[in-house]
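S.K.: So that we are looking at the same thing, I have put the structure below in structure tokens.
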Amino acid sequence: MRPAPGRRRTRALSRTRASVAGLLSAALLCTGSAAVAAAETSDPTTTATETTAELASAAVEPSGLLCPDGTTPDAEALAVATPEEIEAALAAGEPIPGCDGTAAAVEGAPDAPADAVEQPVSNVEPATGETTEPTRDSTDPAENAPAAETPASPGAATLAGALEITPMAAVASGAALRGGFEVDGNVTRGDLTGSTGDDWDNVSFDSAIDGLKDTTQFSGNNTKEDAAPSGWQPGTGTASDQADIDRIWAHDRVDGGTQWLYLGFSRDTGSGSIGYSLELNQRSNVTNGGGVSVPNRTAGDLRVGFTQSGNGPLSLVEVARWSGTGTAGSWSTVGFSNADILGFSNVANLAATGPFPAMATSTFVEAAFNLSQLDQATTCTRAGFVQANLRSRQSQSMTSQLKDYAVVPVSIPPRCADLTIRKQDEAGELLTGAEFTVSPSPYGGTSDLVVVDGGANDSDGTADGVISLRTSVFGQYSVTETKAPKGYLLAKPRSQSWTAAAYQQKTLTFVDPLGTARWTKIDETGAPVAGATFTLAPTGRDDDALDLLGADYRLVVTDNGANDTDPIAGSLKVEGLYTGRWTLTETAVPAGYDPQRLPAPISFTIGDETPNSGARPAHDLGPLVNHRLTTVTIVKTVTPRLTPAGVRPPDEPGAGWQFHAEAAADVTVQGSGLTGSDGRTVFSLSIPAGRTTVPLTVDEEMKPGFTIAPQDGSNAVCTANGEAVAVTNGDPAADPYGFEVAVPAGSAVTCYVDNRELEAGVDIVKRAWLVPPGQEPTDGAELTSGRYQELVFDPEGMTRPDVVSGTTVWWSYTVENTGELSLDDLVVTDDVVAPMPDDPICTIPRLGAGGSFTCIGNGPVTKQ
């Protein structure tokens, strides 16, 4: 034999359901034990698909088939072989005639042209409708596939059409989509030409590892399918070859109303014949006395028996349903069709992919089970399957010895529509005790179904905020909340729709809110007022709020503070109010507002019958008015005295003057009364509601040297909001500087008070006298009494007797207080008589306004 020229591993583009499909399946096993059949063509663009008859009559070129060792098969042996013999060898993965016990490879297969069109895979499952979680694409790719092309030359016979290089995994003959899932003997998606289905590498699944030659196997003569699981005996390493299960994977879905279970498992080898049982249970396994994990059976559990011969497809041998309990019962067989299962083992080695290990040829098995047909239950007669038990048998017989087992969890709903009603608050916490009406009743009849959480028609009988309903009467339903949990409002909307369909699980969540109230704070002008504090108290009788919180409950609400959820100053909102009657009371006013002139408490009801109640909008209590404190502002001015030059300076603000204010006992007066640098002081008055005017008495502490300066006879002039108000002077004897003003409630009164600085003046008269020796006066009064001769000076000169130089002359100094102030510690000096400053003529301790005092002095004179 001559060495083979360079070769490539190829994959056929087209397949048929007949023998060509078998040839093409073998053609994919370039690295396995099967030969790949292909014929060289003169036209590399040819991609025709031929029938079995055409293949049988085609002349097979010896150079078109190669043995795996690179040699061509023996020409004589190949020439005498029939096409059927070659096809059978290729399909079975056995050596073709002319090879020394090895499978053939393809020689000279041309590359597929760039524009070659892949032919659809036969038996690709047609679309069946909507697919539930996870979403699948069930579109049939064959519908849009182009027709097969005619061979370019009738003399160039082809076994499987044109071949192309591809990285896709090998697929089993007869591989197809089932429920949008590729059942093709491998774990990777996209290996079926024209398919957009899923495979194990892109779906969620449950899995378990049993291991090879493991300790969780069976032993004992009575460990058989129909024996009681309680008596199944454990073994180690008793299973071998196809019976030794290594790993298991399970995935399920509902596609277009059909329920599918996909099972994958790996085993030690793939040769020989084998039987398996798949048992689906509604309860998790238990451990028997021998330490074996065994089914915990319930009426309605399902057992599917299937077999495999060599590397062939899986076949059903039994479908049975359990009647009875886990310890007492029996299997009853039901009718089935092999169309309800599609399964294969891998026709080539599988490389490791993600969580899937590398698996040798025929050691990976996958199958799709049509549970809608196998289970055949048309009503809700069972719970969901939660456990899958896969068991291998010594032979294909259902009565043969069990060898190994693997257990994997599943979540397969029954052919029911399941509804879960969740009742929760706005924070997502479950609420108990709600009531609902389902219309029409999912259990049949003419009346609607009333269901109470923890009560009537609640399947678990527990008040936990969750209600479960199940029906096989499919169609449209309306679920309406008719009674909310205690203290809560009904959900909005109160009704939700439910479309019940087979295998569907639906959750309806009803969110019940608590009540919300809001209000605003304004002053008399309508301007917003910020900073008020309120209390909310439940005040109804026998209603939810009072029952849940108690009569002593008080909720303190502060504008933009505690329990206020409205960020705008002057706007308040309180959430989380139980249903019932509440009373809102303002307890603290903003600064500058009258605490005695509060708005009246407001009572309101949170309930479903209240138009504004509910989640949104809030119950609006409207604006609440605050009244500003009544104020009396004293404006003090001071008029200075005249300067020595007789000029009066301008008035000045009266800083540091003390005023006092008093009102009736029910009126609160606040304020220091001490004027500031601007001459002002403010008194704030809190006046009880209902009072329109209150009298306020004001007096001041007069400073020495000052007096009141009446204005049109009044000690003060007052205005309120620009209008004059009545002022009455205080008692002249008891309160000569005070006044009383009539203050309107809520007004801003300003009173102007003027004080005048008292004037000061002194007049001194100096006179000279001749006093005879020995007749000296004792005081000024005596000197000026007329007893002595006065020396008079006038513009014409001194009228006097002759005065000799050295004569002693007496002087009188009469000091008169001409001002409005009493003068203290007056000192009279004369720089002629007493030129030294510390040698005064006299000192006057105090001289009252209008008073006078005369002091005397003497001394010798020099004649001029």
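Each residue, glycine too, has its Cβ placed from N, Cα and C.
Automatic prediction, not curation, is the source of TrEMBL annotations.
It should be emphasised that the depicted structure is a prediction, and the values quoted were computed from it without experimental measurement.
Below are the features I grabbed from TrEMBL:
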- 109-118: compositional bias 'Low complexity' (COMPBIAS)
- 141-154: compositional bias 'Low complexity' (COMPBIAS)
- 418-492: domain 'SpaA-like prealbumin fold' (DOMAIN)
- 516-609: domain 'SpaA-like prealbumin fold' (DOMAIN)
- 109-154: region 'Disordered' (REGION)
- 215-242: region 'Disordered' (REGION)
- 1-38: signal peptide (SIGNAL)
S.K.: Suppose you look only at the domain 'SpaA-like prealbumin fold' (418-492); what would the mean pLDDT be?
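M.R.: Computed over the domain 'SpaA-like prealbumin fold' (418-492), the mean pLDDT is 95 on the 0 to 100 scale.
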S.K.: Using DSSP, break the region 'Disordered' (215-242) down into helix, strand and coil residues and give each count.
M.R.: 5 helix, 7 strand, 16 coil
S.K.: Over the span of the domain 'SpaA-like prealbumin fold' (418-492), count residues by DSSP class, listing helix, strand and coil in order.
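M.R.: Going by DSSP assignments, the domain 'SpaA-like prealbumin fold' (418-492) contains 0 helix, 32 strand, 43 coil.
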S.K.: Please spell out the DSSP helix, strand and coil residue counts for the domain 'SpaA-like prealbumin fold' (516-609).
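M.R.: Final tally across the stretch: 6 helix, 40 strand, 48 coil.
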